[in-house]
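Database features (Swiss-Prot):
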ACT_SITE  Cys50  active site, nucleophile
BINDING   Thr49, Cys50, Asn51, Arg52, Ser105, Glu110, Pro111, Gln112, Gln116  substrate binding site
BINDING   Gly185, Ala186, Gly187, Glu188, Thr189, Ile190  NADP(+) binding site
SITE      His95  site 'Important for activity'
Amino acid sequence: MSLVAIGINHKTATVDLREKVAFAPDRIHDAMKSLATHTQSGEAVIISTCNRTELYCNNGEEADVVQWLEDYHQLSHADVEPCLYQFKDQEAVKHLMRVSAGLDSLILGEPQILGQVKQSFVKAKEAGTVATTMDRLFQNTFSVAKKIRTETEIGAAAVSVAFAAVSMAKHIFSSLSTTQVLLVGAGETIELVARHLKDNGVKTMVVANRTISRAEAMCDEFGATAITLEQIPDFLPKADIVISSTASPLPILGKGMVEKALKQRRHQPMLLVDIAVPRDIEAEVADLDDAFLYTVDDLQSIIEQNMASRREAAEQAELIADDQSYQFMEWIRSLESVDSIREYRTQSMAIKDELVERAVNKLAQGGNSEQVLLELANKLTNKLIHAPTQALTAASRQGDLNSLGQLRTMLGLDKD
């Protein structure tokens with residue numbers, strides 16, 4: 001039995017190649033069935049995200065899995081092979097654990113990958129390509145990822161601009177659930193900010209954008225209110241937190257607009273986070289009392305400090321992955337003995353049944369019970385020790401002291 005993992009990711013391949021080896025969600029069930037059949041492994045899980053495509057098989061050969069990937073996507077070996085990484089057994093297990101814990105991610109320690117791995121596992125179960133080994137592997141992996149996040153600081157510090165912006169708000173306000181938030185822009189960064197805010201209990205969000213339809217589409221997901229940029233002065237006085245990220249070449253929030261809003265707020269403090277380049281909020285806003293303005297540069301210094309913290313945590317996480325992958329392989333190796341134990345027990349029972357049947361027949365024919373039992377015991381002993389005796393004799397004749405020592409240990413002859 002051997003575990004195989006092959007894949008490409010953001011570190012080994014360009015976006016162009018990653019797109020070519022990705023698996024469409026509506027085809028991944030059939031793909032996993034095809035992979036399991038092709039490799040005759042019976043078990044296969046495919047993880048396919050924007051940053052990586054990875055194939056995990058049980059009882060497969062690396063070359064067969066690579067061949068299947070190339071054939072499936074109609075790619076040449078010359079295109080794929082230089083970008084591939086391959087792992088086997090404990091290294092394959094450790095790699096999956098590292099991936100799931102965010103140790104192999106573009107952003108070290110990011111939590112989203114664990115959810116993506118879980119989704120891939122669910123799809124594999126739906127496809128019928130998960131049995132005992134893969135089920136145990138992935139369930140163990142999820143536990144290890146949780147252990148790493150619990151016992152280390154790998155996910156504690158913000159390392160994205162969006163997350164850092166929300167983390168700053170959490171430090172300033174005791175509870176985000178009672179705050180009102182104005183988001184300026186409706187791009188990917190603001191969408192990520194909105195998701196973090198919602199996860200942290202924010203209930204009232206307003207999204208201002210030049211194109212109202214784009215803002216409305218985002219608001220549907222987060223239960224927010226969409227407005228145009230021209231409506232910002234009407235909503236700004238109600239905002240405890242303002243986070244802005246647009247592509248505007250000129251500032252959208254000027255000192256005068258913010259000053260007027262603060263007066264209407266009766267000088268209740270306002271946190272403004274400008275994560276746009278060029279700036280969305282005039283730098284002079286920082287001169288206003290009760291206005292606390294932070295820029296992307298302020299956040300970047302926080303992120304750099306946090307990345308250093310995560311790298312330290314990653315060293316601890318690697319040790320956990322090492323230990324847990326070794327323990328999993330011990331379980332795998334224990335499985336390999338099950339068939340041998342079952343076969344040995346069956347063989348011994350067959351010998352016993354044959355000899356007992358003979359003894360019963362002799363007793364039925366009036367044989368002396370003491371002699372019959374003694375003969376049964378002797379024959380049973382001789383048959384059961386025949387194979388070990390031959391092995392001991394062969395090892396001795398060949399001068400194989402290592403095998404001889406192992407046999408003595410297995411037979412319980414060397415007792416401390």
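Quick reminder: no glycine exception, Cβ is built from N, Cα and C everywhere.
Projection of Swiss-Prot feature records onto the structure.
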residue	record	contacts (Cβ under 8 Å, 6+ apart)
Thr49	substrate binding site	Ile113, Gln116
Cys50	active site, nucleophile	Arg18, Ala22
Asn51	substrate binding site	Asn9, His10, Arg18, Ser105, Leu106
Pro111	substrate binding site	Gly102, Arg149, Gly155
Gly185	NADP(+) binding site	Ala208, Asn209, Ser244, Ser245, Thr246, Ala247, Ala276, Asp280
Ala186	NADP(+) binding site	Val207, Asn209, Thr211, Arg214, Ala215, Ala217, Met218
Gly187	NADP(+) binding site	Ser245, Thr246, Ala247
Glu188	NADP(+) binding site	none
In the same chain, outside Gly185, Ala186, Gly187, Glu188, Thr189, Ile190, whose C-beta lies within 8 angstroms of the Cβ mean position for the NADP(+) site?
Leu183, Glu191, Leu192, Val193, Ser245, Thr246
Mapped DSSP class for Pro111 (substrate binding site), helix or strand or coil:
coil
If one measures from the C-alpha of Ile190 (NADP(+) binding site) to the C-alpha of His95 (site 'Important for activity'), what distance in angstrom results, rounded to a whole number?
32
Are there residues of the same chain, six or more positions away from Thr189 (NADP(+) binding site), whose CB falls under 8 angstroms from its CB, and which are they?
Val161, Ala162, Ser245, Ile275
If you skip the near sequence neighbours and keep only those at least six away, which residues in the chain come within under 8 angstroms of His95 (site 'Important for activity'), Cβ to Cβ?
Ala5, Phe87, Asp104
Which residues, same chain and not among Thr49, Cys50, Asn51, Arg52, Ser105, Glu110, Pro111, Gln112, Gln116, have a CB within 8 angstroms of the centroid of the CB atoms at the recorded substrate site?
Gly102, Leu106, Ile113
Report the member of Ser105, Gln116 (the binding-site residues) whose C-beta atom has the most other C-beta atoms within 10 angstroms.
Ser105
Going by DSSP, is Glu188 (NADP(+) binding site) part of a helix, a strand, or coil?
helix
Per DSSP, three-state class assigned to Ser105 (substrate binding site):
coil
